[in-house]
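Database features (TrEMBL):
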ACT_SITE  167  active site, proton donor/acceptor
BINDING   16, 424  Mg(2+) binding site
BINDING   23, 220, 221, 222, 223, 224  ATP binding site
BINDING   111  substrate binding site
SITE      199  site 'Transition state stabilizer'
SITE      253  site 'Transition state stabilizer'
């Protein structure tokens, strides 16, 4: 396991382990100065592996225009069973089909969702590995996958530094009265019980994408969803808390709920009851299983795909408008959409007030934020009273626009509304390339 500064010409591999996916990007450090971070790395290739937990996994491999090799698009791979075997398949493919020597990789950047008290990137050693391992219970959908990829990297690329980049680091600037929970602080401090916040690498990328905009309300909307109030370039508040389960609902996460709900949800009475005889001993693991993996819009509709929810909702509405009698059960699509919209608006209004109305832009990011025309339209329509307005044509044409940031708002006399194509791998690679301690001088 190397921990030495690397030669300046070495390659940077950025790895992002999701709950059932693995996104990988390979970059070359081009020698640009930290003063011009937009140009400090060049992308060589990307690879995406999806459906890891629901085989067969799907493998894609795309080269940048100046790289040579054979590309792959959503090829089913039966040998991929977990994140470690997914990474091994990528390395095998890289060796077999691309003109890149893996020995040129000097740094591997790993996105780690929960960093606890680590606020800066750390090279993976036995000590840091086991510390991150102990935090897995606080981010059960992600930290485990990241750790298994780290193990594979150390084994397969022993001369490269594995470096952990933490989603929680971005939120270290939150004021104490926002990050603190109103519980006994002797216990809270001993156990690290406070709001950490997540999706920090995404928020850091968004902030860097347009440096002129420093006070933002950002929505990172995907199967895991959160929002962040950024004031003068620093995190002021965010929706996720001690763990990613708090805040907005997700594909399988409940989002913020009454903490006592889990006890009534699991008791033997089949109704709300404080009768101790019908109570069930709910272990932390079971509660997290229910709230992390068996809730969200999948629990409401049966699908984790928000795009399907929107399309089915529109079909049902069209049938109703044509005079057809629609079964009550089919209202589930709109209910799921409206719950997501309601929770977003609640935080949006709160963050607008916390920022004192000084908001440079409202930002949509993440898979749903980038793709859902309908959700963006509904959010901005309901935020009209705060001075936001949408350009319907620009909103409908986001997919056809180039660049990391796409304006979709009516700019004249209105506040800016944008879509940002966030890139956590690129953010890690840039941070790595700009850090003198990781490179030979």
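Note: Cβ is positioned from N, Cα and C throughout, glycine not excepted.
The ATP site in the record is lined by 23, 220, 221, 222, 223, 224, and its two most distant CA atoms lie 17 Å apart. The closest partner of residue 221 (ATP binding site) among the recorded positions, by CA position, is 199; the full candidate set was 16, 167, 199, 424. When the neighbouring Cβ atoms lying within 10 Å are counted for each of the recorded positions (167, 424), the highest count belongs to 167. Each of the recorded positions 23, 199, 220, 253 was scored by the number of other CB atoms within 10 A of its CB, and the lowest score belongs to 23. Only 23, 111, of the recorded positions 23, 111, 167, 199, 220, have a C-alpha within 10 angstroms of the C-alpha of residue 16 (Mg(2+) binding site). For residue 222 (ATP binding site), the Cβ neighbour count at a 10 Å cut-off comes to 20, with all displayed protein chains included. Sequence-distant neighbours of the residue listed as 'substrate binding site' (same chain, 6+ residues apart, CB-CB distance under 8 A): 14, 15, 16, 17, 146, 165, 167, 201, 424, 425, 428. There are 26 other Cβ atoms within 10 Å of the Cβ belonging to residue 221 (ATP binding site).
Between the alpha carbons (Cα) of residue 23 (ATP binding site) and residue 199 (site 'Transition state stabilizer') lies a span of roughly 15 Å. Separating the Cα atoms of residue 253 (site 'Transition state stabilizer') and residue 224 (ATP binding site) is a whole-number distance of 8 Å.
Candidate binding-site residues: 16, 223. Fewest other C-beta atoms within 10 angstroms, 223.
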